[in-house]
Amino acid sequence: MIELGVNIDHVATLRQARRTWEPDPTWAAVEAHLGGADGITVHLREDRRHIQDDDVRRLRELTQIKLNLEMAATDEMVGIARSIKPEMAMLVPEGRHEVTTEGGLDIVSQEARLKDVIARLADAGIVTSVFIDAEIAQIDAAARIGARVCEIHTGPYAHAFHAQGRDAESPAVLAEIDKIRRAGEAICSHGMRFNAGHALNYYNVQPIARLPGIRELHIGHAIVSRAVFSGIREAVAEMKRLMREAAAG
């Protein structure tokens, strides 16, 4: 059955706006779990703009569902991951001037370095995921470096969906869906796990959730935005219902 990993970074964004102690991302993780989340995702950025080191430690200690740590492939982050031991570490590109992750990781240009990073994480018992664009060359490279999971960047699909007035049958949207579908087939052919995420929301999630072979979606901003009005538990539960409805056909 398809799973939902809830990204709670923007709960921390709200807290950091006042440099105070609330809202607490750990409590958001608990509420997300109660709403049906299968995992919690946080991005410990090098500039610590939202999630802090202590947040990750507390989440590791207190949450009862799997923890996915998004991270740059740096020595500092590898050391933190090896110490905290999340169930999964997702390698992402990172730029200090970006508002959010703007594209997939370019594995092809840095295979040797990323292979070493994955080996160091695996040595600590951590499954490694890579966040990549829906490109066959990147998927093949992910398999070569030993990634266990590929998360396909759904931003281009989400942007097309919005630009086309939420028309899931428009040629532009169908082209993006087909690109992700073909990427998923390639991922599965390598024996890797097919995940997806980025800019998914309550309007565009179902065409992605019904793709063959897809295992998990990571969604954050849309859920936190909805939770401002409806509460995290209800927001997560509604997203999970939409995904399951789509996956069931």
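Cβ from N, Cα, C; glycine included.
Per Swiss-Prot, the candidate among Ala196, Ala199, Ala237 that belongs to the 3-amino-2-oxopropyl phosphate site alongside Asn7, Arg18, Gly220, His221 is Ala199. Arg45 (1-deoxy-D-xylulose 5-phosphate binding site) has its Cα within 10 Å of the Cα of these recorded positions: Glu70, taken from Asn7, Glu70, Glu151, Ala199, Gly220, His221.
The most crowded of the recorded positions listed here (Asp9, Glu70, Glu151) is Glu151, judged by how many other CB atoms sit within 10 Å of its own CB. Within 10 Å of the Cα of Gly220 (3-amino-2-oxopropyl phosphate binding site), not one of the recorded positions from the list His43, His50, Glu70 places its own Cα. Neighbour count (other Cβ atoms within 10 Å of the Cβ, all protein chains): 16 for His221 (3-amino-2-oxopropyl phosphate binding site).
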